[in-house]
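Data block below; observations after.
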Amino acid sequence: RPEVVSGNDPWLRLIDPTALLLPCSRVAFHFISNHVFDSRNSLLLIRASALLSTRTDEEEKRKKKTKDMAAMMSLARRKAGGLLRPETMRLAAVFCRGFAAAADDNDVVVIGGGPGGYVAAIKAAQMGLKTTCIEKRGTLGGTCLNVGCIPSKALLHSSHMYHEAKHAFPSHGVKFSQLEIDLPAMMAQKDKAVSGLTHGIEGLFKKNKVNYVKGFGKFVSPSEVSVDTLEGGNTVVKGKNIIIATGSDVKSLPGITIDEKKIVSSTGALSLSEVPKKLVVIGAGYIGLEMGSVWGRLGSEVTVVEFAPDIVPSMDGEVRKQFQRMLEKQKMKFMLKTKVVGIDASGDVVKLTVEPAAGGEQSTLEADVVLVSAGRIPYTAGLGLDTIGVQTDKAGRIPVDKHFMTNVSGVYAIGDVIPGPMLAHKAEEDGVACVEFIAGKEGHVDYDMVPGVVYTHPEVASVGKTEEQVKALGVAYQVGKFPFMANSRAKAIDDAEGLVKILAEKETDKILGVHIMAPNAGELIHEAVLALQYGASSEDIARTCHAHPTMSEAVKEAAMATYDKPIHM
């Protein structure tokens, strides 16, 4: 694949242009006439001098066979009226090579159209690889876009607006004579956002020439995927490289049957027809707290039951305690170190039997709706992994090497089906890196640099190590903290709960971890992600000018507190 094509390029001297063009002469001309003239671009054609240059007697004989082709090329050049960019020539060359091979073969086949899968498919196509993406849902974007990240953020924003109008607007001089919830309208706004984004990805597929097959795919060989299409038919998609990007599914609990009415997963919690009076959330992780926040703001009495001693176990301990206090101020109740041992949904309300995690006296909770949010598991059922010998671990994940290849040559896996954080943005990075490896380039994802965000209010975002992790490593470190109560922008908008916490190695001042609790922590964290990615010190951030007044000044002040002293505290 030439990086630059010109009249003097060694690529042209190393190959026989006639040999390249003969197998696909008609195709090349069809490609030129339909895709270049119609779009009114120019096409960089192999120069006539390169095609018709002086040859040996044997080459002269071969040249006569290409007389018609030379005439077509000359005509095409005159009509094109100029030269194309190098990347367009590479596209034409890839097109010809692909056509010379079996017509049904893809360079890359992606099973799954979620954040990891669709990004991998687009990236592969952008790199000149013939690509097909298979998606069983019928809409692209996976769990994240259809029934996860995007619809939950829509409801989090809508419910926050209602909560602000009810509780915060009067102090800002904005008063209403009447305020009410229109739940159908709120759900319609959410659905509109989802629909627009899913169709947007289909548009990106068309733009980048990704073939999209709607149906459930399963392996019949390491290079073939049988697809039961949504239309009721079946087709076999062949590929030199196949990427498994099927994501994850809701983790069920023993003895609990999810009906998506009274006992719901996160999917059902996004589509409730009315605001439940009482909502019990099983699991105090990201998803449970976010959905609990949505319905709590709209009027539900929310109780969170968690088997572990803490909420969000992966969070920095100091930040976690402040976060829990904030949620409790919002009337969210917590039952930690507690397990659910039984559920009865036969009556008008759901009755849960709970007991201490260590055992002890049982008690009963009642709820109109129970949200099961105990985590997620890799989705690999029915893919035919056993058929081709792809191995999985005890957790159902697919082990891969540094190139994302499974134990079966030519079969790769990315995203939630492999070890690492189950996050959409991590899956996207996996997808890009995997395709780069397939294309013969270098890819890289550092899972220590993947940020995590809880989209409650305030939000909590983090990257790198927690203080507990740094202590466990035995590294000498220093800590800098700055509260938003001392931040001018936060005070001006009357939303000053939270802090920034920075951990840095004591000897070198290299940043080890950053943790932020703030209204827009999910946006603020990326300065820290970039700093960690480039091995920055806290002083590097502290000596970087930050606009005033902004929430991001709190990051600067926390950095100042890490290596020296803050100004405004």
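Any Cβ shown, glycine's included, is placed from N, Cα and C.
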Can you look up which of Cys133, Cys144 is joined to Cys149 by a disulfide in TrEMBL?
Cys144
Grouping DSSP H, G, I as helix and E, B as strand, the residues of the domain 'Pyridine nucleotide-disulphide oxidoreductase dimerisation' (450-559) number 40 helix, 33 strand, 37 coil
Do me a favour and check the Cα-Cα span between Gly283 (NAD(+) binding site) and Cys144 (disulfide bond); whole Å is fine.
19
How many neighbouring Cβ atoms, not counting its own, are there within 10 Å of the Cβ of Ala424 (FAD binding site)?
21
What is the nearest of the recorded positions Cys149, Gly285, Ile287, Leu289, His548 to Ala424 (FAD binding site), using the Cα of each?
Cys149
Least surrounded among the recorded positions, given as Cys149, Gly283, Ile287, His548, when other CB atoms within 10 Å are counted
His548
Excluding Gly283, Ala284, Gly285, Tyr286, Ile287, Gly288, Leu289, Glu290, Glu306, Gly375 themselves, the NAD(+) site's Cβ centre has within 8 Å the residues Val281, Val304, Ile311, Val312, Ser373
